[in-house]
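Q: Have a look at this one before I ask anything.
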Amino acid sequence: MDKLTDLNYTLSVITLMNSTLHTILEDPGMAYFPYIASVLTVLFTLHKASIPTMKIALKTSKCSYKVVKYCIVTIFNALLKLAGYKEQITTKDEIEKQTDRVVKEMRRQLEMIDKLTTREIEQVELLKRIHDKLMIRAVDEIDMTKEINQKNVKTLEEWENGKNPYEPKEVTAAM
């Protein structure tokens, strides 16, 4: 903790990096190296300065770590979008939310599949029972007179006086 907050330590590391970089720079083939080195120096300084500042800010402001992490992730995502990247940084909380959502959807799908399979099994059993009932009866045992309502039908010889009772009769009405 002392090394993280010690400004002298940070300055000595920066001085060491700069002296190392200047010795490397004497080579004429390293034209773009100073730009890379300056970016690395700035990043290292930001890293060393942000950790103690973040710890002090968390203790004094009493805001949660998740809020600060969310703010930092949002800032980095905005910077990535400005730079033209389509990728985004996600936190563990977002990943856990997404996995929970996927697991919930998978459970719902499994319940749906279970319901559908039980319905299909019931339908197959019903079809089997219908098939068994159809296969048990022989065709010549079925009395078709019940099916076409011909049980009480009389033939021409059985009609009274030989007249067809279904023929229309003349009806006269008084006016």
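Including glycine, each Cβ sits where the backbone N, Cα and C put it.
Sharing the features that Swiss-Prot gives for it:
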- 1-28: topological domain 'Lumenal' (TOPO_DOM)
- Asn8: N-linked glycosylation site (CARBOHYD)
- Asn18: N-linked glycosylation site (CARBOHYD)
- 29-51: transmembrane segment (TRANSMEM)
- 52-175: topological domain 'Cytoplasmic' (TOPO_DOM)
- Glu120, Gln123: Ca(2+) binding site (BINDING)
Q: About how far apart, in whole Å, are the alpha carbons (Cα) of Asn18 (N-linked glycosylation site) and Glu120 (Ca(2+) binding site)?
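A: Rounded to a whole number, the Cα-Cα distance is 75 Å.
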Q: Using a 10 Å radius around its CB, how many other CB atoms surround Asn18 (N-linked glycosylation site)?
A: 13
Q: Taking the Cβ of Glu120 (Ca(2+) binding site) as the centre, how many other Cβ atoms fall within a 10 Å radius?
A: 10
Q: For Gln123 (Ca(2+) binding site), which of the three DSSP-derived states applies: helix, strand, or coil?
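A: In the DSSP reduction, Gln123 (Ca(2+) binding site) maps to helix.
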Q: Pop the mean pLDDT for the topological domain 'Lumenal' (1-28) in here, whole number is fine.
A: 65
